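TrEMBL annotations:
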type	residues	note
ACT_SITE	C81	active site, nucleophile
ACT_SITE	Y217	active site, proton donor/acceptor
BINDING	W114, R150, F151, T152, V153, E168, S169	glutathione binding site
DOMAIN	194-337	domain 'GST C-terminal'
SITE	Y304	site 'Lowers pKa of active site Cys'
Amino acid sequence: MPPYILSRLPSTSLRTATRFLSIHKPKHMATSTQSGILKWASTDGEFRRHNSSFRSQITTEPGARFAPEIGRYHLYISWACPWAHRTVIVRAFKGLQDVIGLSVVDYLMLDKGWKFSTADETPGAIPDTVNNAQYIRELYFKADPEYSGRFTVPVLWDKKHSTIVNNESSEIIRMFNTVFDDVVPQTRGLTYYPEHLRPEIDSINEWIYDTVNNGVYKCGFATTQAAYEKNVVPLFKSLDRLEEILSKNEFLVANTFTEADIRLWTTIVRYVHTLHPSFALKFAYGSLGLTCHYTVPNSFDPVYHGHFKCNVKSIEKDYPNILRWARQVSCKGGRWA
Ligand SMILES: N[C@@H](CCC(=O)N[C@@H](CS)C(=O)NCC(=O)O)C(=O)O
């Protein structure tokens, strides 16, 4: 096993992180010897996210190729994925469970990428009853035989044209937010992207995406000390900034619960060991009619703090307002289900 990259920490603030660390890089993290689908970093050691390839929209415009219809679309997610997690939350908040089908891949991703399992093999998994695929990659090739990008979740599938509509979570949540309003009148007008707050939401999303949502990946998948340090500092600056915002506000934008909260929450919830499982499971998942089996009580997904080594500070100990907000968002899930 290669020596753990943080053993060469230069600055005092970063050095404090070592008290949280194990001394070896976890096996699943990218190394320069990894190849193929599990190779995350570029040759300079930095993780660079690829743009999502399928960017069509479901719209209510007359003659639209992808029109909102009950039972026509299917969402593929992984419970392990914060991007996919956003989409399944908005699907639930907007009451779309009976409108858009759901498949959940196995939590484990190996050489062929995300795989489907039965619930007996992996609790929480929901096989692909639409395409009968064994791996997510099959959907990409069905939609485009020449596809050469990554095989990511979420995937929003159109059964009518047998193709992928969109595989970009930020766009999928925007569609779910409004486009089915005529077919699900019960949640019409319930919006997580209110018009008057859009500039503020867009602006906060932008830096949170770069330094927090994607920032944790840039730290976790870095294969050099330099690449790690370049990204861990902005990540914690942003967490400090969020702590300040949340010390004065209930939610991120205008004291209103918006998509900015949902987008941040799915990252933070993977960060915190002590967001009590009853909040996360019962409120955020259970009462939404969903079950999250990949977490177990008392070890709430420690992926970023532990595996990704984003551990200069701890949310539990150093960010009381982010923790308070994260718990509150979990409760919102229950109230709105
Ligand atoms: N831009 C995409 C990113 C999705 C993404 O990166 N998903 C990860 C899981 S968290 C994935 O499926 N990765 C598989 C791979 O890159 O091979 C989105 O926001 O929807």
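Heads up, the Cβ atoms here are built off N, Cα and C, so glycines get one too.
All features noted in TrEMBL, drawn onto the structure.
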residue	record	contacts (Cβ under 8 Å, 6+ apart)
C81	active site, nucleophile	V153, P154
W114	glutathione binding site	S78, V105, D106, Y135, I136, R137, F151, V153
T152	glutathione binding site	S52, W83, I136, N167
E168	glutathione binding site	S52, F54, R55
S169	glutathione binding site	W83, A84, R86, T87, P154
Y217	active site, proton donor/acceptor	W40, F47, R49, F308
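Spread of the glutathione binding residues is 17 Å (greatest Cα-Cα distance among W114, R150, F151, T152, V153, E168, S169). Ligand 1 lies within reach of C81, R150 from the recorded positions C81, R150, Y304, judged by a C-beta closer than 6 angstroms to any of its atoms. The candidate set comprises the recorded positions F151, Y304. Of these, Y304 has the most other Cβ atoms within 10 Å.
Between R150 (glutathione binding site) and Y304 (site 'Lowers pKa of active site Cys'), the C-alpha separation comes to 22 Å.
S169 (glutathione binding site) falls within a helical segment according to DSSP.
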